[in-house]
Amino acid sequence: MRIDRLTSKLQLALSDAQSLAVGHDHPAIEPVHLLSALLEQQGGSIKPLLMQVGFDIAALRSGLNKELDALPKIQSPTGDVNLSQDLARLLNQADRLAQQKGDQFISSELVLLAAMDENTRLGKLLLGQGVSRKALENAVANLRGGEAVNDPNVEESRQALDKYTVDMTKRAEEGKLDPVIGRDDEIRRTIQVLQRRTKNNPVLIGEPGVGKTAIVEGLAQRIINGEVPDGLKDKRLLALDMGALIAGAKFRGEFEERLKAVLNELGKQEGRVILFIDELHTMVGAGKAEGAMDAGNMLKPALARGELHCVGATTLDEYRQYIEKDAALERRFQKVLVDEPSEEDTIAILRGLKERYEVHHGVSITDGAIIAAAKLSHRYITDRQLPDKAIDLIDEAASRIRMEIDSKPEELDRLDRRLIQLKIEREALKKEDDEATRKRLAKLEEDIVKLEREYADLEEIWKSEKAEVQGSAQIQQKIEQAKQEMEAARRKGDLESMARIQYQTIPDLERSLQMVDQHGKTENQLLRNKVTDEEIAEVVSKWTGIPVSKMLEGEREKLLRMEQELHRRVIGQDEAVVAVSNAVRRSRAGLADPNRPSGSFLFLGPTGVGKTELCKALAEFLFDTEEALVRIDMSEFMEKHSVARLIGAPPGYVGFEEGGYLTEAIRRKPYSVVLLDEVEKAHPDVFNILLQVLEDGRLTDSHGRTVDFRNTVVVMTSNLGSAQIQELAGDREAQRAAVMDAVNAHFRPEFINRIDEVVVFEPLAREQIAGIAEIQLGRLRKRLAERELSLELSQEALDKLIAVGFDPVYGARPLKRAIQRWIENPLAQLILAGKFAPGASISAKVEGDEIVFA
């Protein structure tokens, strides 16, 4: 008999049988070697076949091992083994069966059938399992599906659905899928399309994270619960595993062969299976080689005829990029658009998922946390979609609490480290022998005993709190399990089990949980086991960099005292501070237009009067850090072509991938103060871009992504009209009119019209310079404090600085230079000369025409 008459799987099994015989020092390959190899073969069809007809695999394996041990062994094996007569007879019998069935190749299942012979030891072992030959013949007939074996690789394409798909209905039955809350319209629309006669293939299209896969999971759960029309009852929903389909397809045509096997098996199911392809766009071009068909083209005929019930899921961008280009594939699918759920719907979804996350993490999630997750994620995480981002917040906050429970509390850790430190000190002191050391040692011993007692008490509290938390988590797990068992009993119609679980098991467990919770009602000293809105805010803060206090602090009081807060840094300029404060309050109170930036201002005035400083103060007030200030120097955008730098270079130009200077900054920090410095120096075309930002609070970059400016404060500064401000000092009305004339002459009306407020800054008066001097000196004192030095200035020294540093034309900047020249420069020399050691107090006073330090 020729070896090439065997299928590739049987050839591999024969090779494994040879290795088995050599390993056991047997003189020849026996039928028992071959059956053992077939039973252990990866991806073989024999083991599933035996399990299907009722064989006990463990008992069979044990019987085969006994047979192997009973075979004779040779003393000095050469490693050269041949087929035994029994195995040759078995293969000839299989050959005869293959000829009867019209097969060109001998397959593994025919060898198994031939082995079921009462006259052989192997046959007796197989028949001893209580399975008849007739039952095995029927199972083999089902496996072959009435087809002849005309291809050596035919066994690899069998059970293609088991190999290359995941049964979602089975997972739903086992309770492994999360509950799907809401989404009734989308599920109903999907069912409606699936019920069509032809082109019954819905494709779910939506942004990433809106719940497309969840809709299919919801459909699987409805099929299991029988909550679908008769046409879909008892159907299986299988998810195609593209990774398994492509993995290991080394040769050309192997991928197509696998996909064809899947499609053939689906065809045999006669519409009893719905195929779900997640990331549908991956089918277009998958397996594509020169002259070969891709997966999308192989699916087309089955999709058009209605033979294949298929549900796809993909994002809007990928649908446009891959599927819309292939019009023939697109027309075979029916679009079902999946929108982002509202905040209220997200809260309902989170409430439905809450139990699953509580059981997984072993913590309790409050309703406040759920509401905070929906609201904060919607407000602060703008580049992702609900409900995904809200679920992620809950998950991460719960994970954080769980991590705290599992690791040693901070207080215990601190005591532990202190104890180790004291014990090291004790060992060092034991080597000394004088009186002072003995006293110190006795004191140390006292401290160690006291700390050890404190540590033991805390450890006991920690362990009892931990046990309480874990006990509660275990009971919750049992309740979840009982609910799944009740669902399974309901589907089977086992009313007795269902009643027992519903009215006995679950109430008992809930009572136990209540007792544990009642016992743990007192506030835990060391462990937090609840996820509250504070934990959610902490996670949002980690993601976005927006301080937690800003989300939860009573903003009302903070906003009412906004002017005082800003005046700590900005001296004078009451009109500007009030204008900015009012705009922020309008926005926070919800009275401002929600589709525009929180505020947009044009700051006008001479140099050095606090225009940029007010922006920095505003960024620090709103977001707790000056880092939230996005500063763009508009003098860099003087040429027409430089406009593209703000939103990114157009496609085809160098730098397209990098994105825009302004748009990328706001995408990364959507909550910020945007400062466009020296705006009058920019090219007029820049203002065309700004119109969209000021009117709609949005800007589209060169990649087509919309950047949200609604949470920003846009401030533009300009020196226009500063000469008129100096000339008309003291006359506010005339000043403003002159400046507005200059502004109207330079900017277009549609640009000025979109700005919330044009603020004119006044030149600084002498008394205001004194306040600024205090702020500047305060910063210097802070720097000196880092070197453990303090600085005190006499009134005369301060007056001298103000006199030297006051210049109405240049504002406060000359004061900074005066402090550098008269204070910082001489101080630096004295410190480097070693005159002032750390801890020294430095006083500055005027002697003659100089400021001296002592």
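Cβ atoms here come from the backbone N, Cα and C positions, even for glycine.
Quick look at what Swiss-Prot lists:
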| type | residues | note |
| --- | --- | --- |
| BINDING | Gly206, Glu207, Pro208, Gly209, Val210, Gly211, Lys212, Thr213 | ATP 1 binding site |
| BINDING | Gly605, Pro606, Thr607, Gly608, Val609, Gly610, Lys611, Thr612 | ATP 2 binding site |
| COILED | 391-524 | coiled coil |
| DOMAIN | 3-146 | domain 'Clp R' |
| REGION | 6-71 | region 'Repeat 1' |
| REGION | 83-146 | region 'Repeat 2' |
| REGION | 159-340 | region 'NBD1' |
| REGION | 341-545 | region 'Linker' |
| REGION | 555-763 | region 'NBD2' |
| REGION | 764-854 | region 'C-terminal' |
Distance [Cα-Cα, Å, rounded] between Gly206 (ATP 1 binding site) and Val609 (ATP 2 binding site): 51
Mean predicted confidence [pLDDT] for the domain 'Clp R' (3-146): 81
Helix, strand or coil at Lys212 (ATP 1 binding site) [DSSP, three-state]: helix
Cα-nearest neighbour of Glu207 (ATP 1 binding site) within the listed binding-site residues, Pro606, Thr607, Gly610: Gly610
In three-state DSSP terms, the structure that Thr612 (ATP 2 binding site) belongs to: helix
Counts of helix, strand and coil residues, the region 'Repeat 2' (83-146), according to DSSP: 43 helix, 2 strand, 19 coil
Secondary structure composition of the region 'C-terminal' (764-854) [DSSP: H/G/I, E/B, coil]: 51 helix, 17 strand, 23 coil
All-chain count of other Cβ atoms within 10 Å of Glu207 (ATP 1 binding site): 16
Output field, ATP 1 shell: CB within 8 Å of site CB centroid, site Gly206, Glu207, Pro208, Gly209, Val210, Gly211, Lys212, Thr213 dropped: Ala214, Thr315, Val338, Gln385, Asp388
Among Gly206, Pro208, Gly209, Gly605, the one of these binding-site residues whose Cβ has the fewest neighbouring Cβ atoms within 10 Å: Pro208
Spatial neighbours of Lys611 (ATP 2 binding site) that are distant in sequence (at least 6 apart) but have CB under 8 A: Phe603, Gly605, Thr717, Phe761
